[in-house]
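Novice: The domain '23S rRNA (guanine(745)-N(1))-methyltransferase N-terminal' annotation in TrEMBL covers 6-47. What TrEMBL records for Cys7, Cys10, Cys23, His27 is Zn(2+) binding site. Taken from TrEMBL, the feature S-adenosyl-L-methionine binding site applies to Tyr69, Glu99, Gly100, His191. According to TrEMBL, the feature domain 'Methyltransferase' maps to 92-180.
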Amino acid sequence: MSSTLRCPVCRAELPAFSDGASCLNGHRFDRARQGYLNLLPVQKKRSANPGDNAEMVQARSRFLDSGLYNTPATALEAKAAECLTGNDQPHIVDAGCGEGYYTLRLAEQFPAADITGFDISRPAIQHCCRRTRKDQDKQLQWLVASVADIPLADSNTDLIISVFSRIDWREFGRILKPGGHVLVLGPGPDHLLELRQQIYDDVRPYPEDKLLSSLPADFTLSSQEPVTDTLALNSSQTIIDLLAMTPHYWHIKPAQREQLAQLENLICRLDMRLYTFIYQPASSAKGH
């Protein structure tokens, strides 16, 4: 694994070993028995256990393993291949990787790539480790970390993917190589409309311009493509699992969740947008 880590305490280079990682300033991080490194210092946590809990991770895993999100996963893979054309050994980062569904699919697609998946949720990263095959240990590294302070070296990443996750453009720009790409998969206006209609009286379209309005000058939008499908949700478990993947799970009352759990079938539209951004810092552009 050639991906260089950065100490989350002092930001020095952080060489990794089989049992952990340590920097020249004496900051040491033990490797968990599952294989991941926890690079989220206690002082940088906003809560004792940030991110998805184990129950939510299991719900996400059940839903994604059903294949219902194969359409966006395939679209993401095709665009990643386009971005990495001619790059035989890319470094790919899945920022906010969750349970690792998309990360592991990319590992299958790019067996020569160095791939880092990180998430603020420790249960999610533990789940990633359990799903990683022994022959993938040298290709994949899993980290508990925050997108606001990514523990990776400057200018060392070719491609970042962000699937329904928080984005920190400053940190993305810091770790990307000039000419590197960011793929963002997020909601279109009518994403999961029928599910939202089950829990809200007033359903509004998701705003599409929010992401682009915050785009720094060093990033250019290369493409914006719709990713659509129709989801046939054929069990109450699948419906509740999908709900648990969304922020709506926390915004509704328990009674509403119980009412939704009575549904056995729901036809729901998948409406996503896949954005491709290219990173070209001003200093690099001047050099050309």
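Heads up, residue numbers simply count up from 1 along the chain you see.
For all residues, glycine too, the Cβ spot is worked out from N, Cα and C.
All TrEMBL annotations are machine predictions without curation.
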Novice: I'd like to confirm something. Which of the binding-site residues, Cys7, Cys10, Cys23, His27, has a Cα closest to the Cα of His191 (S-adenosyl-L-methionine binding site)?
Specialist: Cys7
Novice: Tally every other Cβ atom lying within 10 Å of the Cβ atom of His191 (S-adenosyl-L-methionine binding site).
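Specialist: A 10 Å sphere around the Cβ of His191 (S-adenosyl-L-methionine binding site) contains 21 other Cβ atoms.
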Novice: Give residue numbers and ranges for long-range contacts of the domain '23S rRNA (guanine(745)-N(1))-methyltransferase N-terminal' (6-47): same chain, 6 or more residues beyond its ends, CB-CB under 8 A.
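Specialist: Answer is 118, 120, 122, 125-126, 128-130, 132, 137, 141-146, 149-154.
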Novice: Can you tell which of Cys10, Cys23 has the least company, meaning the fewest other C-beta atoms within 10 angstroms of its C-beta, among these binding-site residues?
Specialist: Cys10
Novice: Where does Cys23 (Zn(2+) binding site) sit in the DSSP three-state scheme?
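Specialist: Once the DSSP labels are grouped into three classes, Cys23 (Zn(2+) binding site) ends up as coil.
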Novice: DSSP-wise, what's the residue breakdown of the domain 'Methyltransferase' (92-180) into helix, strand and coil?
Specialist: 29 helix, 30 strand, 30 coil
Novice: Using CB atoms and a 10 A radius, I'd like the single residue among the binding-site residues Cys7, His27 with the highest neighbour count.
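Specialist: Counting every other Cβ within 10 Å of each candidate, the maximum falls on Cys7.
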Novice: Can you tell which of Tyr69, Glu99, Gly100 has the least company, meaning the fewest other C-beta atoms within 10 angstroms of its C-beta, among these binding-site residues?
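Specialist: Sparsest of the binding-site residues Tyr69, Glu99, Gly100 by Cβ contacts within 10 Å: Tyr69.
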Novice: Pop the mean pLDDT for the domain '23S rRNA (guanine(745)-N(1))-methyltransferase N-terminal' (6-47) in here, whole number is fine.
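Specialist: A mean pLDDT of 91 is what the model gives the domain '23S rRNA (guanine(745)-N(1))-methyltransferase N-terminal' (6-47).
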Novice: Cα distance, Glu99 (S-adenosyl-L-methionine binding site) to His27 (Zn(2+) binding site), nearest Å?
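Specialist: Distance between the two Cα atoms comes out at 28 Å.
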Novice: Between all pairs in Tyr69, Glu99, Gly100, His191 (listed as S-adenosyl-L-methionine binders), what's the biggest Cα distance, rounded to the nearest Å?
Specialist: 22
Novice: Work out how many Å separate Cys23 (Zn(2+) binding site) and Gly100 (S-adenosyl-L-methionine binding site) at their Cα atoms, rounded off.
Specialist: 27
